[in-house]
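Quick notes on the structure that follows.
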Amino acid sequence: MKVAIVGATGAVGHELMKVLENSTLDFSELQLYASPRSAGLKLPFRGQELTVQATPEGAIDADVILASAGGSISKALAPAWVAGGALVIDNSSAFRYDADVPLVVPEVNGQAALGHKGIIANPNCTTAIAVVAVAPLHRKYGVKRMIVSTYQATSGAGQKGMEELLEQTHMQLHGKEATASVFAHPIPFNVIPHIDAFQDNGYTKEEMKVAWETRKILGDENLIISCTAVRIPTLRTHSEAITLELERPATPDEARELLRHTAGVEVRDDPEAKLYPMPLTASGKYDVEVGRIRASLAFEGGLELFVAGDQLLKGAALNAVQIAEYLQAQGALKPRAGAV
Ligand code: A2P
């Protein structure tokens, strides 16, 4: 089994290599691709030095391609990768809304991955983190309405987003004026309620992605979802305040008990002991932290929760690798017939 990463030098690519290093995925070769600028660069993997190659225009000699070089690269090249026999697990939004492309969070709808036709989409990071916590509550209590406010780290804009936060913070602390380039405004000591493009309805595309993708993953087109997405000056890990209106009432204790037995979730909920989800504790963790679980004052029988999940891990690299692991465990990941 040959695995390739396209976008290996980026923020998600870096995490993909770290997650693969410790993964149970059985593969014999890892190939690294990025832009021609990075060709020849050597990156360490399992005690070896792997050489980054320029991403070719056509097929790649790999069975699984983990793509995280952005939507335009995926859109342009994934059809050739699929034609070459590879399974593409794509981190971009290029194919997420195609009816024949499964959008998968393995703990929630892993089975959907089995029906792929060559491409499986990894959800938007904010959505992936939220659905891990919301899916079990939806299954048991029926979510009618979900209101989300996000606190999103600069890692959501890739390596250059994190660099902009560090560089501009340094500049501002030294009395220099910072000009924004990745973000719409200077990000240090600021919060920016603007992620991705504004839509005709006044929401941003990031906010609409949460609605579109959550519905697709949970398989419930009737779910009413409203999101406000905000960029904050942290390096990694997205946090989200989530309000749920439920069909059948749930108490906070019932929700905590259910979430304690949910794969991918760590219940971190002891306000007296100052224990709640935070980027500080959730960064680098595979599980999504869930806490501040309380009865909603907005919806009778509903719930309020706060979640924090590492955007680069569950929101991207980890989820992609978990999809491949899931398929292999199901016997649905095989080397291409006649592959060299
Ligand atoms: P490179 O480092 O050579 O520019 P991030 O999301 O952190 O910004 O990372 C984006 C990733 O996509 C990087 O690995 C980057 O490689 C890669 N990339 C950017 N442009 C291209 C391209 N034209 N072809 C292949 N990979 C690309």
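Placement of Cβ uses the backbone N, Cα and C atoms for every residue, glycine included.
Annotation comment: TrEMBL describes Cys125 as active site, acyl-thioester intermediate. Proximity of Cys125 (active site, acyl-thioester intermediate) to non-local residues of its own chain (separation of 6 or more, Cβ distance below 8 Å) is seen for Gln152, Gly156, His238, Gln311, Gly315, Ala316, given in sequence order.
Following the DSSP three-state reduction, the secondary structure of His238 (active site, proton acceptor) is strand. Sequence annotations record features per position, and here TrEMBL assigns active site, proton acceptor to His238.
When secondary structure is read from DSSP and collapsed to three states, Ser155 (NADP(+) binding site) falls in the helix class. For Ser155 (NADP(+) binding site), the same-chain residues lying six or more positions away in sequence with a CB closer than 8 A to its CB are Ala11, Gly161, Met162, Leu235, Arg236, Thr237, Gln311, Leu312. According to TrEMBL, the feature NADP(+) binding site maps to Thr9, Gly10, Ala11, Val12, Arg37, Ser38, Ser155, Gly156, Gln311.
Long-range Cβ contacts of Arg96 (phosphate binding site) within its own chain (separation 6+, distance under 8 Å): Leu103, Ala121, Pro123, Asn124, Lys209, Trp212, Glu213, Lys216. Summarising the annotation, TrEMBL assigns phosphate binding site to Arg96.
Around Gln152 (substrate binding site), taking its Cβ as the centre, 26 other Cβ atoms fall within 10 Å, counting all chains. Taken from TrEMBL, the feature substrate binding site applies to Gln152, Arg231.
If you look up TrEMBL, you'll see 2-116 marked as domain 'Semialdehyde dehydrogenase NAD-binding'.
Close to Arg37 (NADP(+) binding site) in the fold, though at least 6 residues off in sequence, lies no residue with a CB less than 8 Å from its CB.
A Cβ distance below 6 Å to any atom of ligand 1 is met, among the recorded positions Thr9, Arg37, Arg96, Cys125, by Thr9, Arg37. Cα-Cα distance from Arg231 (substrate binding site) to Thr9 (NADP(+) binding site): 23 Å (rounded to the nearest whole number).
Per-residue pLDDT, averaged across the domain 'Semialdehyde dehydrogenase NAD-binding' (2-116), gives 97. Here the recorded positions are Arg231, His238, and the one whose Cβ sees the fewest other Cβ atoms within 10 Å is Arg231.
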